[in-house]
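*Asks:* Submitted below is the structure of interest, expressed as structure tokens.
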Amino acid sequence: MTMLSRALSQPTLELTESSDVSPTRTISLHPCRRRMLSSCTSIEIIEPVTSYIEERVLVINTGGTIGMTPHPDGLSPEPNAFVKNLRKLPFFHDEKYAKETRLSEYYGDETLVLPLSKDKKRIVYTILEYNPLLDSSNMTTEDWAKIGKDIEKNYESYDGFVVLHGTDTMAYTASALSFMCEHLGKPIIVTGSQVPIYEMRNDGRDNLLGALLIAGQFVIPEVCLYFYNKLYRGNRTTKVDTESFNAFASPNLTPLATAEVGITINWDTVWRANTTAKFQVSPELNRNVGLLRLFPGITTATIRAFLQPPMEGVVLETYGSGNAPDNRDDLLAELKEATCLRGTVSPFYHTGTVLLKAGLIPGSDMTPEAALSKLSYVLAKKDLCLDAKKKMMAQNLRGEMSAELAGAKLCMRDSRFIQAIAKFLSISCKEELEAIRDALTPSLACAAAKTGDIETLEALKEMGSNLCLCDYDGRTPLHVAACEGNHKVVEYLLGLGASVYAKDRYGDTPLSNAVRFRKKEVVKLLRKTGAHFSKDELDEAGTELCCLAACSDLVGLEIFRLAGADLNKPGYDGRTAIRVVGSRDTYSTFK
Ligand SMILES: NC(=O)C[C@H](N)C(=O)O
């Protein structure tokens, strides 16, 4: 039997399952094999291609030095050159795999594939190039909104997003995107370079490769900035150097990841939205905002002029830890008149408290870029009154400022269980204790999720463990709870920011698990949180729906429908599930 005829015969072999309690049996063709089958016109022998998990990344190329070439007036972006050039570089495109799996026929010429990663994943990436490509100094809030809307439009088709961008205003764009992208569950990584990727010595290749590998392999639900082997939270960054490859700093937050011999993710630092709402983009931004930096001798006339309409909000950059002159009543009176936000605050000095008394909102340790874009985002919220907007400004929305430590937290070192293991293994240093914690707690949490034991999950959380982490098989407590249909546990984990996009080693998400085990209520809950089938699962659904229809498995069909599958999607032979049913009674029940 050829690979093709074996694959085609599977649907009929799998048609028999239809009970309410047993899992839905589905045929899972690897994306590359499905591509090969879909482009076949006649039966032919297909050489086996080893199946690895494919992850899809959308690269939005907005411009910047990374894709610039020299022109008489200096460097400027070169249109329609980027993909062509990457295609020629073997570490950016595996031509052999692409040919064998008919990548271009399926996804188009703008899609390339990286060589197999160390973690045995294939990153298939599509480049969406903007026209015109921009030097980032020319970017406006409209460009930020366009990026946001494109991500929203393509959100369900990709596992992660990379935004290629100039470095000059990259920290502003990353900050703005972090606020505009509400309830984000997938990585968005902004990157670029100091030297064009076309030059012999450049930083663009490393930056792009690192960003692609992280966006394709790790579910970091944040807008990040990747530069010079470090992944930062985007709204914590600022450009600090125009000459060095190490152009960005994150002054008040350690990197989320470092890419050295291996890629190490600092999961404890990753920000997770504690919401169970679906991803959406709020592209509206208020442009009547400003950034005013205090300097010795600033006049009240300058401040007054700055605060004139149409100005609706101002970020005040102060001295040191949030100080301003306390001997300048004229200046304080001007500020009192306005509603401002200042960059950082410490009630340590009298010169610091005067601004609080003048009614300004403390900005904690936000960067000016983050404070300004946050203000612009918050002021654009039409349905909020001024007080609500002020409150929102003081809240930590996307990890843009350091949270106050809410009392001493029980840590792993206090756990008798871990202590006993540490003693047994003669371990005492913090790093080793944390390594034990990280190795053991995902499995313990999965076990608790299986039995619906929220108390144990809570205890593990109290001990400092991250309930969103996966075990040795890539399975998270959410996967397990979804399989078991433990609705309460699923709700609890989603509330802690567990990712509905986490994939286990077989490429399964909590949603595909809930569908397989027919956990209808969990499917509904996961969908409410934004979970969706991947493009490949949707493409494959037609055949699976036909299988279910052939044995009148209404429960299975209903679960697929709830999970977002289109009942009109044709199967491998062009027939839809509705045609397969053939009986009016059955048809009317699931129409
Ligand atoms: N390195 C760079 O990308 C600088 C360039 N002027 C830009 O911001 O687009």
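Glycine too: its Cβ is placed from the backbone N, Cα and C atoms.
Feature table excerpt (TrEMBL):
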- Thr167: active site (ACT_SITE)
- Ser136, Thr167, Asp168: substrate binding site (BINDING)
- 7-25: compositional bias 'Polar residues' (COMPBIAS)
- 56-268: domain 'L-asparaginase N-terminal' (DOMAIN)
- 288-383: domain 'Asparaginase/glutaminase C-terminal' (DOMAIN)
- 473-505: repeat 'ANK' (REPEAT)
- 506-538: repeat 'ANK' (REPEAT)
*Asks:* What is the set of residues, excluding Ser136, Thr167, Asp168, whose C-beta falls within 8 angstroms of the centroid of the C-beta atoms at the substrate site?
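*Replies:* For the substrate site the neighbour list reads Gly64, Thr65, Asp135, Ser137, His165, Gly166, Thr169, Met170, Gly192, Lys239.
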*Asks:* Who sits close to Asp168 (substrate binding site): which same-chain residues at least 6 apart have their Cβ under 8 Å from its Cβ?
*Replies:* Asp135, Ser136, Ser137, Lys239
*Asks:* Any same-chain residues 6+ apart from Thr167 (active site) with CB under 8 Å of its CB? Would you list them in sequence order, or say none?
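*Replies:* Counting only residues 6 or more apart in sequence, the Cβ neighbours of Thr167 (active site) under 8 Å are Gly64, Thr65, Ser136, Gly192, Ser193, Gln194, Phe227, Lys239, Ala247, Phe248.
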*Asks:* Could you give the number of helix, strand and coil residues in the repeat 'ANK' (473-505) as assigned by DSSP?
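*Replies:* So the repeat 'ANK' (473-505) is made up of 17 helix, 0 strand, 16 coil.
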*Asks:* Averaging the per-residue pLDDT over the domain 'L-asparaginase N-terminal' (56-268), what integer do you get?
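*Replies:* Mean model confidence (pLDDT) across the domain 'L-asparaginase N-terminal' (56-268) is 96.
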